[in-house]
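Novice: I have a structure here, written as structure tokens, and I will follow up with some questions on it.
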Amino acid sequence: MSKKRVLSGIQPTHDSFHLGNYLGAIKQWVDLQKEHDAFYCVVDLHALTVETDPKLLEKRTLLSAAQLIAIGVDPKLCTLFIQSHVPAHNQLAWVLECITGFGEAGRMTQFKDKSQKGGADRTNVGLFTYPILQAADILLYQADFVPVGEDQRQHIELTRDLGQRFNTKYKEVFNIPQAQIIKSLAKINDLQDPNSKMSKSAASMAGVIELLDSPEATIKKFKSSVTDAGKEIKYDEKEKPGISNLLTIHSAFSGKSVKEIENEFAGKGYGDFKLQVAEVVVEALNPIRVKTQELMDDQGELIKILKSGAEKANQVAGKTLSDVYTALGLINNG
Ligand code: TYM
């Protein structure tokens, strides 16, 4: 039986990924590449919706690829590439835009949040069509599963709707994908504001654990994390969102169950617990930081890996795009 196909992407909008990206998405990417035909991309075109200095975008795109490999995304097991290296993403996005309702795109909550924050004058059209480009990323590869965090669920729903709509209107070209979301890790929260998700665009980075932070900075952030009234180390999302978030993080890195950790810390204080979580995380992140730097020291090799990924991605994406064009009645120029 042929392997199921997986596709996912991540934006290169910052120097470092954070723990939410790692636990909600990248950890799954690493696991899924073993038994699946996996395609993973750094979505540099999506990052253009936020104005960035070109030199910085270039650096962050490479840093993103380096971090993915350092975490365990293995270019020998999967296809790792940069979105802009595969022109079919933009080409299919246009086609999908033509079957997307204006109101439908306007209902995307990420667009609503971001455009409300920025105001109408600072909201670009790219932000509005962003989820449609994302749908193109996924549908081009005939993906079965899309490993993501909870915040992407609505975008995957839109992808499914657009794929189905095209199939019904024109021809059965697309496989209809499913979001793959691990419930316990789907929303890692900010350490300073444990009711909000950890986010690259947080107003303050004090509650955002970045993978490339120094050990000292990581420990400091954990030590000053916001906890809850009471003294008990117990998982209770409603009453103890801060402690619950820390328990989730500890469990994901240590491999211990939440119950085991609760028992280990019975009778101990929040201070001891926070320090232990910090240590577990620092131990896991140290090798990632070192490996990322090594990869960045040999950018020629990194670019070679990404180009080879793009070659394979272009083949798969090109075939789907060609089927789409034929189905639409566009004259084949091949
Ligand atoms: P991005 O770059 O914001 O985030 C990358 C991945 O990290 C997940 N994530 C989280 N998971 C748990 N807790 C959090 N606090 C947290 N914050 C982020 C996200 O859910 C995501 O899986 N639109 C996408 C990028 C994209 C994409 C795609 C994803 C473009 N094309 C095709 C999948 C398939 C985004 O902005 O992710």
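For all residues, glycine too, the Cβ spot is worked out from N, Cα and C.
Automatic prediction, not curation, is the source of TrEMBL annotations.
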Novice: Taking 52-56, 152-156, 197-201 as the choices, which stretch does TrEMBL tie to motif ''KMSKS' region'?
Specialist: 197-201
Novice: Of ILE138, ILE188, which one shares the ATP site with GLN11, PRO12, THR13, GLY20, ASN21, GLY149, GLU150, ASP151, LYS197, MET198, SER199, LYS200, SER201 in TrEMBL?
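Specialist: So, going by the record in TrEMBL, that would be ILE188.
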Novice: Cβ under 6 Å from ligand 1: which of the binding-site residues GLN11, THR13, ASN21, ILE188 qualify?
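Specialist: By the Cβ criterion, which requires under 6 Å to ligand 1, the hits are GLN11, ASN21, ILE188.
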Novice: To which of the binding-site residues ASP137, GLU150 does the lowest count of other Cβ atoms within 10 Å belong?
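Specialist: The binding-site residues ASP137, GLU150 were compared, and GLU150 has the fewest Cβ atoms within 10 Å.
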Novice: In the motif ''KMSKS' region' (197-201), how many residues does DSSP put in helix, strand and coil?
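Specialist: Split by secondary structure, the motif ''KMSKS' region' (197-201) comes out as 0 helix, 1 strand, 4 coil.
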Novice: Sorted by position, what residues of the same chain at least six away from LYS200 (ATP binding site) have a C-beta under 8 A from it?
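Specialist: Long-range Cβ contacts: GLN11, THR13, HIS14, HIS18, ASN21, VAL208.
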